[in-house]
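Asker: Copied straight from TrEMBL:
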type     : residues  : note
SIGNAL   : 1-21      : signal peptide
DISULFID : C105-C140 : disulfide bond
REGION   : 204-300   : region 'Disordered'
COMPBIAS : 221-237   : compositional bias 'Basic and acidic residues'
COMPBIAS : 247-260   : compositional bias 'Acidic residues'
COMPBIAS : 267-278   : compositional bias 'Acidic residues'
COMPBIAS : 285-294   : compositional bias 'Acidic residues'
TRANSMEM : 447-468   : transmembrane segment
REGION   : 473-514   : region 'Disordered'
COMPBIAS : 483-493   : compositional bias 'Polar residues'
Amino acid sequence: MGRFALLLLLAFASLQLLCFAADDDTVFYESFDEPFDGRWIASDKDDYKGVWKHSKSEGHDDYGLLVSEKARKYAIVNELDKPVSLKDGSTVLQFETRLQNGLECGGAYLKFLRPQEAGWKPKEFDNESPYSIMFGPDKCGGTNKVHFILKHKNPKSGEYIEHHLKSPPSVPSDKLTHVYTAILKPDNEVKILVDGEEKKKANFLSADDFEPPLVPAKTIPDPDDKKPEDWDERAKIPDPSAVKPDDWDEDAPMEIEDEDAVKPEGWLDDEPEEIDDPEATKPEDWDDEEDGEWEAPKIDNPKCEAAPGCGEWKRPMKMNPAYKGKWSAPLIDNPNYKGIWKPQEIPNPDYFELDQPEFEPIAAIGIEIWTMQDGILFDNILIAKNDMVAESYRETTWKPKFEVEKEKQKAEEEATDSDGLSGFQKKVFDKLQILDLIEKAEKQPNITIGVIVSIVVINLTVFFKLIFGGKKQPKVEKKSEVAETSNNQTTSGEKAEEEEKEEAAAPRRRRRDT
């Protein structure tokens, strides 16, 4: 009994120590359980008219910071009790967002600001306020990424430069709560997690991971270097000794009439392809003086339906076997070719070596965004010095909400599936896992993009089949295969003429010139 009590005491002490360590590693945490007034300060700048609200997440009793209006700029900031150094050990930045009305164009990211000595004030917080790190979702037009931007000071020039993470993960395209985590390690490694799953791993000092790289190139092209006037970059040149053959006719047309073609039997030369609609009547409110002479709309001539064609028959065109086009001398290797000229490299005056990024401390957390959508909810913002603390918060604050939302979404999708075509399309795209393919394209672009292109081609084929599949094809008897191919081709000019005919089919109101 004494041994059991001792083990129980040790277990309790270990648990207490773990909880103490977790509390000690939590630098900042905002749950928004209580109204944010007093802790968070909204910007007074004229551009930022968006109203922040303390609101529940849809379907939950959990509160967050809500973007309440569409098409507005928003800015709000919370100062930390003391600045957080990013140079000491690991640092974890984590927060939740829920795009309750989706996100077509807007941001949902955080800015981790430098101390106010850098030149900003809470009431004047705007897009120019100096930050150390910007992290979170951004989506508009061709942009769809989870930003991670480090603003780093060049020790040579003193200039602060934005360094963007290359190939960042994409933003989840649903309306569920998602948690975004950035883990900064002392070995210069940074990891980006979405919903606890690692989506990107990079090294701050690698030129392959950040654009522009934190460490500049040792050499740069000499801006004063000029290409010599006699430098020849042409790999191939026309053969100066070549002569145009005597039988080369540059004036021969590309196409000629097919003399072997025969007018199909039963062709109605004297019948027009279109006639006035015999059932059309002039509208009662038609005024000849105001609207001009009324004309009946045109319809397809029914006599042409059973015939191979109507109107004047013309021989189809075929490719001219004598056509050669404009003659040009064949190309040969250029004996004076020197390659593509490049300026010589010189030492980069801004180059410096770096063992670790010169991280600026974080003194405040700001949200400064412009968005066309409302309903963006921020919650559970965390700064910690241990990634286990961030994982604990994900398990206790994010995961229960996400599971509830996921089940609700599943039920809604099953209800939608019963609506026929929309449900069928959803199942097809789910099986193809298009979103996963897009994400994996970052690592296997050749394979994945090929699959996506195939999907697009299939959908376009079905679309054009539905649109053009039922149209009647012209009937022309031809003995030449070349003539048949030529006659079936449709130019953009012919399509424009067809559109004009369709527009002319409707009764036209014409006003007299006054």
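Placed from the backbone N, Cα and C atoms, the Cβ positions cover glycine too.
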Asker: Mind giving me a neighbour count for C105 (disulfide bond)? Other Cβ atoms within 10 Å of its Cβ, every protein chain shown.
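Answerer: I get 14 for this one.
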Asker: As a quick check of your reading of DSSP, tell me how many residues in the compositional bias 'Acidic residues' (285-294) are helical, how many are strand and how many are coil.
Answerer: 4 helix, 0 strand, 6 coil
Asker: Only counting partners 6 or more residues apart, tell me which same-chain residues put their Cβ under 8 Å from the Cβ of C140 (disulfide bond).
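Answerer: Residues satisfying the criterion: E104, C105, G106.
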